[in-house]
Amino acid sequence: MDRMEELGFRSETDRQIFREAAAPVELSPFGLHSGMFVPTLERQGTPEQSRKWVPLGKSFKMIGTYAQTELGHGTFIRGLETTATFDPETQEFILDSPTLSSIKYWPGNVAKTVNHCLVMAQLYTQGKCHGTHLFLVQVRNMEDHTIMPGLEIGDIGPKLGFDGVDNGFMRFNKYRIPRMNMLMRYAKVLENGDYIKPKNAKLTYGAMVMIRVFIVMDAFKTLSRAAVIAVRYSAVRRQSELRPGGEEAQVMDYQTQQYKLFPLLATSYAFLLAAEGMSQIYAKISSDIERGNLEDMPQLHALACGLKAFCTWVACEGIEVCRMSCGGHGYSHASGIPKIYANIVGACTYEGENTVMMLQTARYLSKCYIRGQRGESLPELIQYLTTDLNVKSTLGEDCSFESLVAAYSHRAARMVAVACKLQQTNKKKGMAGHDAWNKSTVPFIAATKAHCHLFIVRNFVTILSQKKIDPATHNVLSQLCTLYAVYGIVENMGEFMQDGYFNQDQVSILNRKVLALLEDIRPNAVALVDAFDYPDHLLQSCLGRYDGQVYEALYEYSKSSPLNNTDIHSSYYNYIRPMMQKRSESKNISAKL
Ligand SMILES: CCCCCCCCCC/C=C\CCCCC/C=C/C(=O)SCCNC(=O)CCNC(=O)[C@H](O)C(C)(C)COP(=O)(O)OP(=O)(O)OC[C@H]1O[C@@H](n2cnc3c(N)ncnc32)[C@H](O)[C@@H]1OP(=O)(O)O
Ligand SMILES: Cc1cc2nc3c(=O)[nH]c(=O)nc-3n(C[C@H](O)[C@H](O)[C@H](O)COP(=O)(O)OP(=O)(O)OC[C@H]3O[C@@H](n4cnc5c(N)ncnc54)[C@H](O)[C@@H]3O)c2cc1C
């Protein structure tokens, strides 16, 4: 922290980049403090509360996390059981974990690192429950870091990844905090216990929306790092004869290797631009919300949920393809890829389990579809829902951006309509609303993925048509954008073809185009990954080194393995030799085999 101050890093983005450089493969134990705890104090506290607590957080006098999930509930926030009961006599809230399932479980850095938590709890005052609200809770002594009396805190144990984060459990036993430790920007409890409700109960969920937006950028970061490693390694690795009797080929010259990696390279660029677009939309709508204009809150929630789920699912699948495209060496930690995967795959679960998040977006699409059917105006990003589904594709050999965006719009509009019509049919059959919804959620998930895919394709095309880019770079980026879109159609052809939107000739055009683009991109593939400019220190990869000295690096890496500290391992003396001796004694086996 002091080093960041010395270097004058003030912006959170710069500080995040510095933290990643300082601890490239391990997640910082302060990620949640800076990424969630402090921003939530800023956005959910009153001006007075922010003035009091934010400086303490930014100077790390107060180190915090976000403690919401419990043993029994993570997704269903309204089902959380931790209680915060107001005591007007003492002007305090009494926090309690009334059941085993109410124990806070998973909050990052709660086990050993933080001294404060933002705790999500059911607020009770004057005998009435007003739902979940956030409370600032001191959990450790500020002098000696011991756990505060009335709390039980511990680590939850080993996980798939996220090793740098001490995810913990926390149990409250009638733990008292001052009334003014409730974050009261939107909802309040007065001294007499009166509850002042917020303009919208979901304003309390704001921290999660913000992190979901961050996670779209993390999906780009992790996928692009894996792509850098895999593409560079594919340029260095030579294996098998492409031409009989010739020299062994760079594996990047196999069409199958290109088909694995180049679409992921294109996806990395698409996700970077989508993350930037999402961040701009978040900045605009969240500032409107802070000024009290909640009109676009549903649209922001829906977009953040959908993109977080879509991008993390695609990124995690893509990182695995990158790992497997590196053969055996990809499976070694020397490649750097397993750690990337282990650290980001949790993002398919945290900050909103992906299926649940997709269903939130689906719920929004369902409402917009009905409004569209009534002829009501729709937000720009959703206007495609009123696309004329009788129109067929005009796609030609050039696979123009316009025809590609039209194809994605048609696919999403058609799939949303199919899901909504199933929901409506279910209702006409006499199903209750919740059953009619549940029995249409599988098609809604598919439709929502199509909706997110459209956003990313359209965003990529829009940026290429608006930004001033030199012709050579524009040409290469256009190849990537076309590859991302055409590959997405080829890989999901059934969804595009179900209503005959494309004719057979157009399908052939698309199948030819995707292969032609692989050849177009091949000469620039290494330059396109170098352009991300990730230093070797950040990649921590023997395979993705900028200098390409892969085998030298692997050999040095292996020699540094702790198992090589001794020639004969203690297991020989403790287990192997006694076993062999026992065998030879019992079966007169000649010692000289
Ligand atoms: C290279 C390195 C990469 C490594 C990755 C690390 C990167 C670090 C950088 C990022 C920074 C920090 C580190 C992050 C690490 C992860 C830490 C993880 C933290 C957590 O997981 S915190 C806990 C997260 N938990 C959740 O997200 C729970 C999900 N559940 C919910 O959100 C809700 O329960 C719900 C939305 C599913 C349902 O809510 P409910 O109250 O039941 O509402 P509904 O009935 O469904 O809907 C009612 C209406 O409310 C609207 N609504 C719901 N939510 C919102 C919202 N947030 N905003 C606006 N509106 C909302 C909903 O749309 C309905 O509206 P309608 O009635 O339809 O009009
Ligand atoms: C690495 C990591 C870090 C975390 N850090 C934190 C943290 O710092 N703070 C914190 O508070 N929490 C944290 N969490 C907890 C995380 O937020 C929850 O695990 C997450 O919200 C998912 O909730 P759940 O575990 O209850 O999953 P569940 O919802 O129980 O998921 C189980 C299954 O049920 C399905 N399901 C649930 N509801 C529905 C529905 N309505 N419709 C259809 N299907 C449904 C899901 O799709 C899933 O397939 C972390 C988790 C992980 C993995």
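Just so it is clear, glycine is given a Cβ too, placed from its N, Cα and C backbone atoms.
Marked as domain 'Acyl-coenzyme A oxidase N-terminal' by TrEMBL: 21-63. Mean pLDDT for the domain 'Acyl-coenzyme A oxidase N-terminal' (21-63) in this predicted model: 92.
Sequence-distant neighbours of Thr69 (FAD binding site) (same chain, 6+ residues apart, CB-CB distance under 8 A): Lys104, Tyr105, Trp106, Pro107. Marked as FAD binding site by TrEMBL: Thr69, Gly108.
What TrEMBL lists as domain 'Acyl-CoA oxidase C-alpha1' is 205-365.
Within the same chain, the residues at least 6 positions away from Glu351 (active site, proton acceptor) whose Cβ sits under 8 Å from its Cβ are Met208, Ile211, Arg212, Ile215, Lys308, listed in sequence order. The active site, proton acceptor feature in TrEMBL is assigned to Glu351.
Summarising the annotation, TrEMBL assigns domain 'Acyl-CoA oxidase C-terminal' to 401-581.
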